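Noted in TrEMBL for the protein shown:
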- B:214, B:270, B:271, B:272, B:273, B:274, B:275, B:276, B:277, B:291: FAD binding site (BINDING)
- B:3-192: domain 'Electron transfer flavoprotein alpha/beta-subunit N-terminal' (DOMAIN)
């Protein structure tokens, strides 16, 4: 079975977010980039399923410029077999989805996995766009994925519960916890990752459909009003009479 | 053309987030000098759908096909696309929910529309330019996004828009069929399992949240969190370390890699306030922090704080809420 795992290159979760002086772009200076945490579930689960099946391949796909290659190598070190990088900045979800759909179609992948969303743009869009472009089902967000032959059983999170869904390959799923325990690279993985194939291709399709005009940071808080622990009950009065939220 | 609003229903009731979405859609319609039509999905009653008039909706389309009671991605997408065609809608507004995002992303390709999710404010329309403000970087920032193109889909973040309530106004409810066939239901769920919700309040929909961190010392102490939540009519939540060690289920995990909430009131108990947690809560209107460490970074992001032991403070708060009556 052929797995395609889509990863994005995002600022580490501890990053303090700042922007370029015109507020049009994220300021990358001094920022550590990581594999999007949600994508780690997709990657590890694909590797686990391949191992359980005893055959198949896991290909990792990233839409990004050359500076994303360290994290692509990391995905190879974790256990993907080969990688494809589409040589373009990820302009918007639609642009990225077109690249994934084109590669998924050309490579006839059976299972296309990605994280629920990227922690930078938080679009939660690419999964459905790829599914629609390929005319195949999408399950988002998936908390559990098991395969039996060409049939997958997934748990989809819905507000207040979950749905058990069965789909046949090919399909797209966007993954989140508690699907698996994401793996970290071991020394042997890091050594072998250096020689695994990483193919660079140029982007296809139309451009983006959305454009960021300006980024802004949330307004700063005015400062905390402290209430002595002994008179904790006064907080409730303040929440009712001053903040008017209860 | 009218603005099309997707309204999610459950057990006959329109979800709170969908009342917000309906209010958003009707205000966009007003800006554009047109009307707002809703298409309802899930299990609805005609009486509750007619009440969407209070949120400014003129007409509600409802397909009573029983298999639409549960979320089916293929069928919902086709139904909404058909409703958009019937109403000649160039703008579709839905909730930034798991259903809304699943359907909205497919629709954007099918209808060749620009899509913005996680939207927190009404759009700015200026001539041909159409800009929406959305949350980005997991709550650490906002982005003004220009939606180019003729058709637009907007997924509205929960608790970002105040629902309108114009008492007495009703919407016309119209039977609508998208002529769905078995092929549209191939990804129908085999089974739907609902969680036991404390007090029946869903965290993503809640306007008050009481949340616990490692400072609660163990799952056996969660009764203190639940008591306060119950008294306030709030949902319960937790920090990532708490769900990582299985003290609480992961669907209660609030933060950058959990869920992002924006309630009116967020009470954090024994949570230090790591940057990843703050990202998930900093769009809450009022934040209360209770922590015995006065240096806890969460106090910098709080409106009210109590430096003290959660085990002593929480029962006092619960008592004070009960005394309010």
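Any Cβ shown, glycine's included, is placed from N, Cα and C.
Shown on the structure are the features that TrEMBL records.
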residue	record	Cβ neighbours (10 Å)
B:214	FAD binding site	17
B:271	FAD binding site	30
B:273	FAD binding site	22
B:275	FAD binding site	18
B:277	FAD binding site	26
Under a three-state DSSP reduction, the secondary structure at residue B:271 (FAD binding site) is coil
Greatest Cα separation in angstrom, residues B:214, B:270, B:271, B:272, B:273, B:274, B:275, B:276, B:277, B:291 binding FAD per the record, works out to 18
Chain A interface subset of binding-site residues B:214, B:273, B:275, CB distance under 8 A, sequence order, none if empty, is B:275
DSSP, reduced to three states, assigns residue B:277 (FAD binding site) to helix
